[in-house]
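Marked as domain 'G-protein coupled receptors family 1 profile' by TrEMBL: 41-290. Annotation comment: TrEMBL describes 25-48, 60-78, 98-120, 140-158, 193-226, 238-260, 275-292 as transmembrane segment.
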Amino acid sequence: MAAENTSSVAEFILVGLTDQPELQIPFFIIFLIFYVATAVGNLGLVTLIGLNSHLHIPMYFFLLNLSFIDLSYSTTLTPKMLVGFILRKNIISYEGCMTQFFFFCFFVFSESYILSAMAYDRYVAICKPLLYRVTMSPQVCSYLLSGVYGMGVFGAVAHMGNLQFITFCADNIINHYMCDIIPLLELSCNSSFINLLVVFIVVTIGIGVPIVTIFISYGFILSSILHISTKEGRSKAFSTCTSHIIVVSLFFGSGAFMYLKPPSSLPLDQGKVSSVFYTAVVPMFNPLIYSLRNKDVKIALKKTLSRKIFS
């Protein structure tokens, strides 16, 4: 009965980021620039890693997938948000809303676990350098990547399963610029503490487990760096981790602020600001952080541009 009632909702209306008319066009321009920069930056990084054989190592294998994930979940959300800045009423069908939510969950969970896989890669590179090629073999990297996308499927299916037990019998106006679990539960007339508990558990698995993995990895990394005798050696070892640390802090900081708090303690308007940060801003900054702070990427970019100019 719940599934039948839920499917009877034909469409939702997305309120958007703001209801102030004078801000619609400026926001449209800003987020269009963000999206173009995200697409160019991440596609450029994928292309750069693919074209340069000296970047075909585990660290850049995971970075390539991070760029793919960033571009994918930004594409899942941003175009519909841009439409909302132009149209007076931003309507999304029930099927479209569920599809957007499914892929949003899939890519966000995948990003969480690709960042933890990258932390493990840095742990092996710094703490067990002599065993790096064996420990991070192509087969092991493939297994890790399968786990990353497997957890993406788990997160999406778990959240979608949770939605199947609620009934939308109130209005169909979603106080957000995208279909997300908390705003959808706000529209339900039969959501309960159990539904919120499931959200908290699933999000804890999606955010908490990777955070713990990353903290443990960097605990061992910090211990190894402190045992390096030379200042140059410590600086070199730490420099290989700084880009990843910045990306992890931006992504998990904004995600935890949105989801790992009781919904009543975080108004949805503030939640939208936090969501914008990790759905639009972080995917744009990731390729910049890795390209500007990474010597190998800058060298590869110069070589690629030189080949294009001479050709």
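Keep in mind that glycine also has a Cβ here, set from the backbone N, Cα and C atoms.
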Stretch among 25-48, 60-78, 140-158, 193-226, 275-292 sharing the most Cβ pairs under 8 Å with the transmembrane segment (98-120): 140-158
Whether the transmembrane segment (275-292) meets the transmembrane segment (140-158): three or more C-beta pairs under 8 angstroms: no
Tertiary contacts of the transmembrane segment (140-158) (same chain, 6+ residues out, Cβ under 8 Å): 58, 61-62, 65, 102-103, 105-110, 112-114, 117, 120, 198, 202, 205-206
